[in-house]
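In what follows, a single structure is set out as structure tokens and then discussed.
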Amino acid sequence: MSSSPLSKKRRVSGPDPKPGSNCSPAQSVLSEVPSVPTNGMAKNGSEADIDEGLYSRQLYVLGHEAMKRLQTSSVLVSGLRGLGVEIAKNIILGGVKAVTLHDQGTAQWADLSSQFYLREEDIGKNRAEVSQPRLAELNSYVPVTAYTGPLVEDFLSGFQVVVLTNTPLEDQLRVGEFCHNRGIKLVVADTRGLFGQLFCDFGEEMILTDSNGEQPLSAMVSMVTKDNPGVVTCLDEARHGFESGDFVSFSEVQGMVELNGNQPMEIKVLGPYTFSICDTSNFSDYIRGGIVSQVKVPKKISFKSLVASLAEPDFVVTDFAKFSRPAQLHIGFQALHQFCAQHGRPPRPRNEEDAAELVALAQAVNARALPAVQQNNLDEDLIRKLAYVAAGDLAPINAFIGGLAAQEVMKACSGKFMPIMQWLYFDALECLPEDKEVLTEDKCLQRQNRYDGQVAVFGSDLQEKLGKQKYFLVGAGAIGCELLKNFAMIGLGCGEGGEIIVTDMDTIEKSNLNRQFLFRPWDVTKLKSDTAAAAVRQMNPHIRVTSHQNRVGPDTERIYDDDFFQNLDGVANALDNVDARMYMDRRCVYYRKPLLESGTLGTKGNVQVVIPFLTESYSSSQDPPEKSIPICTLKNFPNAIEHTLQWARDEFEGLFKQPAENVNQYLTDPKFVERTLRLAGTQPLEVLEAVQRSLVLQRPQTWADCVTWACHHWHTQYSNNIRQLLHNFPPDQLTSSGAPFWSGPKRCPHPLTFDVNNPLHLDYVMAAANLFAQTYGLTGSQDRAAVATFLQSVQVPEFTPKSGVKIHVSDQELQSANASVDDSRLEELKATLPSPDKLPGFKMYPIDFEKDDDSNFHMDFIVAASNLRAENYDIPSADRHKSKLIAGKIIPAIATTTAAVVGLVCLELYKVVQGHRQLDSYKNGFLNLALPFFGFSEPLAAPRHQYYNQEWTLWDRFEVQGLQPNGEEMTLKQFLDYFKTEHKLEITMLSQGVSMLYSFFMPAAKLKERLDQPMTEIVSRVSKRKLGRHVRALVLELCCNDESGEDVEVPYVRYTIR
């Protein structure tokens, strides 16, 4: 359960997206990790190549060029409270050149509310010095240094990026002016209780190489007019997706060849399939074809200095329901800095005197402000709330703002993605109690314990409640690690009766270390759940966490049974697939438990909160299915590298996995052939032919046989099959309407000639031969020279294209052909298969595709097979990195997004634990840190249904006691009668899971037999499975008619049997 893809694209409000202070002086102390880490890894920067094994998932977000620029950037993080340590953690994981931690303050009790690398024994010690060795463990490529001296100009000039957190405004302005004048990029971040602030100044001339990080789009051209401007029309298979202002280039245009290889040209979109370009009136006539591709053109952006931007700010809106709030908070934060400067402390929690003083200061700041930022009506209630919570320090707010700030540091270093221009303000006031009278100054007083920063905001009652919570965390990957860290900081399950149960059956891999920050290199191969649990116990020794290694699903319902779920207060998903998410959603709906759902995809993330009897569930809305590639496109007419990579994956399965599995079943299961013959379409023929090939026609005895097979297969796929295709459809073939057959999405292929000196050809043979040998338990070889020499002696039969071979042009044609099977051929195959008795002890070894092991030949085969086919069809090839992304279906991931998303999840957790009942208190969220874009909306209410005058939602059900007072169980007849008398509903169909227990069209004899049988006996008979002892109730689905005979929609039945 590692990286977690976006669970769903959620509805969001708003328009479409467009692109403690360091006050105690101390002696300067400089402690540095060795320049070459002790594990022998080289430092980042030009000295070393990128470690693709470690940075794999992040590279799919940033790309190699941005990653290289990141590795040449030294970063200073000033302020090592909760926010500073979050930012430092994320940029160290990200792989910058070096990080220096600066803090002149000592650890206080309140810091432990969110500073996860401080421990209780560190109270009174310098925060930077204590944090340095723990942060240095995160990434051995990044030297981490602690510095406790003043921020003087000579010191600052050694950094490419400076990050200030929890810093007085006076120091911000001084450092900001110096950085702006010297071309040093500046990020200022601050959190105050439920409020956050972020500012960026990346200089007067920053080059932005890619504003959104999306893959460049491409489309096929069907027409270009000779006009001023020329109008391009794309094939209507799919919308082109371009926007006005994009730059594009053309290739493979026939006729109007002037477009090919031209400089990127700006376009204006006219419609979903059309756009205009330059003056084409003097170009040649367009004939056919062409590919238009989006080109990312670097552009310059300019930032104002902190002092200038403070007076005339530009804001990024985080919540369109709070559109005017950033300008109000801009005034409020300036007033707060004045208050802290005058008193040496923030306003006291819930203190009315301090709140009134902050309001007065804010009014004075507003009065002095320039007209552009001056507020006609200062929101005094908002400023008062800022005063109430400003002394607080919350881990979820720090996680959110820290994730954003770290992403801005990466933008500053790499020039990749659009920076925040220039101020961002955020608040989560919905987390406060719905009853405004609950919190008092006494309840929010500091108690000299690790939760002081949180108690200052929410009071001691919520802290006690958090400690007693019992939560089930499903997954200990990237999101799971961040959730556990936040749980430990806020004190979830840390008190009497509290507990966190985390389950994950995966082990730790090297590629996890870049974002699953609870794991270290020495943890590789250990279980994720055990390791993560041990790591958070170091962060908060009071946390009561139990680790499991179980997959959630029907198979583990004896473990996660009624007792288990009924004892829970809620569930948090940290899953990486939709099926498991939907399963957990069903369980939470059934047991009526809150569910916290989230996911990430690169720089995108989403959060959904599911509240019993209030919101819809996760499964209530679903994304449209992903568009699949037509089979005929894969088999005969590819036009994109995605097509050849999918073809290569299918080849892998069809050569090295499925035949071996089928052979083993044939040899061990007497009913295998009988079962195979019952398969649909041409599947029986395909399966039995594969078994025959594996056991008779192509069974190798030696390594040399495997190399010969690989060479022959190369000729079949890249020469013979292409020649047959061109025999059926010659390059000059016309369709019935007179148009060229090879046009539009159909690219005319050409056969390849095998060349042992071509590295790609030899790559294919080496990989295919080794994998083929492995399926037979034979020993392979990595000696390329020996294989190359042997290949010169391999005799390849001459191939002549045959007449009468049917090649299907469309999937519809293929389906029609598959409807008929040659029975005589099937009988012939059955007769030629060797008897299993004649092969005692023989078995084959199916290979499961594993993308992350570079020594197993899996990706070698995929890359070679795909790129050779791409060469057949003149499709641009893909390198190993891109091929692994597409063929391995890798989910791009980066630590910054994960941190920000989990921060939002835990803000919803505060509301769930308090029991908020107003729908608008909750926030579903969507973000894209690359744009940057933030969208929040209140969850949708659970849809309401009705039968008679009875309203119901997905959270309602019929409760039926299966055991009657006399101890006997209800029969089917009694069950039907119960609904007719109690609910005036006539059941027409009744099912349990996939088993149909009753229907009105059931044969009379079967119905008569079942009516007098107990319900559980019917379930066991129909499902052919005995009910486990852990099963206390069954879920039954009904189709019903009302008294007038009309169909009515009704809830499910919870039928209790124990």
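Cβ coordinates are placed from backbone N, Cα and C, and glycine is handled just like the others.
Remember, predicted model here, so these are calculated numbers, not experimental data.
Among the candidates ARG515, ARG537, ARG586, ARG587, the one that Swiss-Prot lists alongside ALA478, ASP504, LYS528, ASP576, ASN577 as binding ATP is ARG515.
Per Swiss-Prot, the residue from the list LYS443, LYS635, LYS843, LYS980 bearing the note N6-acetyllysine is LYS980. According to Swiss-Prot, the listed position annotated as phosphoserine out of SER31, SER46, SER276, SER883 is SER46. Candidates THR167, THR800 were compared with Swiss-Prot; the annotation phosphothreonine appears at THR800. What Swiss-Prot records as phosphoserine, among SER73, SER737, SER781, SER810, is residue SER810. The feature motif 'Nuclear localization signal', as given by Swiss-Prot for the ranges 5-11, 208-214, 551-557, 1020-1026, sits at 5-11. Looking at THR800 (phosphothreonine) and ASP576 (ATP binding site), their Cα atoms lie 49 Å from each other. Secondary structure from DSSP puts LYS528 (ATP binding site) in a helix. Among the recorded positions listed here, namely ARG515, ASN577, CYS632, CYS632 has its C-alpha nearest to that of SER810 (phosphoserine).
Per-residue pLDDT, averaged along the repeat '1-2' (459-611), amounts to 97 for this model. Sequence-distant neighbours of LYS980 (N6-acetyllysine) (same chain, 6+ residues apart, CB-CB distance under 8 A): GLU986. Of the candidate recorded positions, ALA478, ASP576, CYS632, SER816, SER835, the one lying closest to LYS671 (N6-acetyllysine) when CA atoms are compared is SER835.
In space, CYS632 is the closest of the recorded positions ALA478, LYS528, ASN577, CYS632 to SER816 (phosphoserine), judged by Cα positions. The least crowded of the recorded positions LYS528, LYS671, judged by other CB atoms within 10 A of its own CB, is LYS671. Local packing around the Cβ, expressed as the count of other Cβ atoms within 10 angstroms, is greatest for ALA478 among the recorded positions ALA478, CYS632. Ranking the binding-site residues ASP504, ASP576 by how many Cβ atoms sit within 10 Å of each one's Cβ puts ASP504 at the top.
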